[in-house]
Amino acid sequence: MALSPQLFFALYVSAFALGFPLNLLAIRGAVARARLRLTPNLVYTLHLACSDLLLAITLPVKAVEALASGAWPLPLPLCPVFVLVHFAPLYAGGGFLAALSAGRYLGAAFPFGYQAVRRPRYSWGVCVAIWALVLCHMGLVLGLEAPGGWLNTTSSSLGINTPVNGSPVCLEAWDPNSARPARLSFSILLFFVPLVITAFCYVGCLRALAHSGLSHKRKLRAAWAAGGAFLTLLLCLGPYNASNVASFVNPDLGGSWRKLGLITGSWSVVLNPLVTGYLGASPGRGTVCTTRTQGGTIQK
């Protein structure tokens with residue numbers, strides 16, 4: 001299904017207009033709560049919101065690029081910077097959502113054991129590891145696949161390429177023989193692994209909630225807190241990464257599906273702040289996952 005450039009433009013602009021202020025509010029709310037008590041989930045939320053803020057900043061460029069039918073609108077040397085700032089948060093977001101889900105699952109299934117070892121400094125270490133994994137993998141793959149450098153105008157370049165119509169294109173003119181395996185490796189390591197972790201933790205949270213003493217209403221709230229990350233991964237990041245797999249299996253399936261996947265991925269900047277639930281400016285408000293077990297209560 002092919003969408004018009006005007007519709008792509010409108011979707012990118014809408015994602016930016018909603019996602020940018022939402023993530024600013026999420027950061028504000030998380031910082032306000034962290035001043036009272038810093039928890040592992042607050043650390044993950046802050047990194048996720050900052051990551052989404054970076055992604056949101058690039059969306060106006062994607063909007064102009066879409067309106068120009070893929071032509072690169074900025075000076076040529078900014079292409080590699082844009083690729084890094086746009087795609088690193090897109091892949092890192094899955095890791096932060098998986099970390100949030102793991103924290104909720106461990107708190108629900110093993111409240112006392114997890115309470116004894118949950119320390120914010122461990123969460124900072126996890127976040128640094130996620131960023132390092134994403135950036136190192138991107139640098140390694142992109143560096144190996146660009147033997148002539150980012151601004152080489154050959155067909156194997158990852159950066160600027162000049163197609164037949166004479167307009168410069170950033171990244172999308174990447175040689176398909178190099179792009180397909182590279183994008184597949186990104187998706188397997190940085191999406192499908194976090195997706196499996198998130199799905200496992202979601203099922204574990206549901207089992208723990210089923211045996212908890214919470215009311216039906218609070219069970220629904222806790223189930224949303226646990227399942228929101230899984231839904232965001234599926235709905236926002238799933239189509240883009242599915243297109244990477246599809247284009248590897250059948251090269252003819254990649255083009256328009258990938259463009260749609262980038263659109264849904266951009267809307268993760270809108271859904272993620274709603275999933276984390278730290279939009280309120282007041283430290284005393286916000287959606288938290290609270291699980292009451294046989295011997296006590298744990299709050300994350």
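First residue shown is number 1, and so on along the chain.
Glycine too: its Cβ is placed from the backbone N, Cα and C atoms.
Relative to the membrane, L106 and S256 are annotated in Swiss-Prot as lying on opposing sides. Of the listed cysteines (C79, C236, C289), only C79 is recorded by Swiss-Prot as the disulfide partner of C170. The Cβ neighbour count for C79 (disulfide bond), using a 10 Å radius and every protein chain shown, is 22. The stretches the transmembrane segment (42-64) and the transmembrane segment (179-200) do not meet in space: the count of Cβ pairs below 8 angstroms, excluding pairs fewer than 6 apart in sequence, stays at fewer than three.
Helix, strand and coil counts under DSSP for the topological domain 'Cytoplasmic' (102-121) come to 17 helix, 0 strand, 3 coil.
Averaged across the topological domain 'Extracellular' (143-178), the predicted model reaches a pLDDT of 57.
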